[in-house]
Amino acid sequence: MPTQTGSHSREYSLPSVPDSDFGGIISRNRRSFAALAQKTSNALASLSGSTVRSSTSYGSLSRPHKLSATPVTPPFDSDTYEQLTGTSRPSSPALVDNPANSVLKRRLTLQRLPTPPHETRPSPPAPKMHQTSSRLLRMTEDERPFTKDFMDLFSTLMVSLKLDSHRVRFTRYDHTFTSEEAINNLGSLKFSQSNRMPDPKDPSRIVTTTTTTTFSMAKEMARSVCQRFVDARFIESVDGRELLIFPLKGALFQLTPKGINILQRFCQRNGITARHVMDVLESPRNTMQLVNLERDTDTDKLSHDRATIEVIFRRFAGQDGPNIKSSISTSDSDSLSDYTNGLVGVKVARERKLLDGKVYSNTFTGKASVDWLMDCSTTIERRETCLISELFLKYGLITMIQDDKQFPDVGTNAHFQPSKYAIYGITERGQRVCGWIAREKTREVAPTYDSRGMPRDSNNARLTHILQDPALRLLFREFLRYSLCEENLSFYLDVSEFTTNYHKAEKMGTFNKVDSVRETLAAAYGLYNAFLAPGSPCELNIDHALRNSLASRMTKAVGDDESMFKSLQEVVHLFELAQTSVFKLMSSDSVPKFLRDPKYSVVLQEHDVDIIGGSRSYSPTPPAPPAPPAIPERSMSRSARA
């Protein structure tokens, strides 16, 4: 059977730097990028500008020879990172000479370098589909890795490890790895995912597209990155000891429930079904239901408006009541075993007698607060947990009952103390927010109906409102995950980001450079392989004719440079059509079900979203027979192949 092969790959390089300059990024060409290393000291580079996405057909992950690494190129721009407290940090200097590029966002394309001549990769027959991109790994203005990319790097490392059984003394630990294995594999990773599909115009002909991402870094850098994984609670030592410095050898590690949850989402998105990975995902330790925090796609800062913080607080305090421990020693213990599923709230003591002689109920420590947020949400550093806890205080959800007199004054406006000796309680307002006590009745306004008996606010308008509100978007994502169709929202948001960046780059004339066109096409292939290609891991249920048009365009070989931009324009147009199709699916099927769910009714009313009544007559889909309580209602938006 005739075949045609195409690929698009990304390569990244992280060199060795002193511990004091953790995360400095330079290319192997020290002469060209010496200034870049100085400007990005004290920073950890994160993954690529676009998430690694590919399909289920087959995948491989290996450690390539170091000679195959392509030097990275500097980004076009820098953007401003604003702290959750509202204070702005000074912008870092631009990393390129052209000041006009400084207004671009980090998410835009970076310069592509051609494949080095010494690679032994076989040349596909001309014309070829081969998009190679080389990007600087993303980081925020406060010099930390982008959360999404940091998680992808972690997951890529985990897939590369054997994760088999090890013995320590007389105890056997399953799905573990040594510190040496992690450091060695991080030194040079190659992650490949391929999609094989029949040519829509000639079913007898097979077209293969491949996504390849390569990472490389020096030993000390790899060690520092591994320590970041420990600090983010992705992995832990099997003996439970806290580590300040990741050991070079002689230590055994395992994934935490949080780390397994992150790995699971990565594998679902990229169609990874390797047996050693599936064994971990099917293990009893896969229990966590993380709170997936909403972030700005350009700056990676958390959404921190009052409504979003209240949504987080409901999970933090416990939607089904407080997580009460019978003794102070239990509630204040350093054991994290109570936070294995993320569905129970922070550990609180039933009664606690403080220095003022009074006895307080349902109290918790500052340390317990940051522990819960670190273990049960998608935070990746302690600083974020402190900022969220500070917002709990600011919005009147918790109150300090006793401070820690020994806690150092760091000279900031923060009032929260992440200390074991700082005691907090949940306010009456906080109890109302999380549903422990009844809310005050709000003025009810009868919905306005049109001649057909439907509320005037259409489901399209409701969905638009949900997508624009971070708190509602967080809840809607949670609902879709339970309904087994979260990929619809993921695709819609990813395409929004892709097309926004495309139109910005087009307006600024960025596509006058062929390298930028190639880079954007590579990102488009990533989206296609993840969501739209036949057999893709998150295949969407879209119109058959549109699916064929996409397949014809994406499997069509890319010709010369002159026609490449026209091809990109066609791809963007088709993506926008697919996005519109997915929007209609969500608005007609998922939104009515979301509005009927009593779990979210209070929040929806607070956000002025008119609630659809209990009658199923408003649903555009025919009534389905009632399902058992433990099984979620299936959404028609889900692909038929699921």
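Backbone N, Cα and C atoms are what each Cβ position is placed from, and that goes for glycine too.
Of all ranges given (1-21, 442-462), TrEMBL attaches the label region 'Disordered' to 1-21. TrEMBL assigns the feature region 'Disordered' to one of the listed ranges (193-222, 613-642), namely 613-642. The average pLDDT the prediction assigns to the domain 'DEP' (342-428) is 91.
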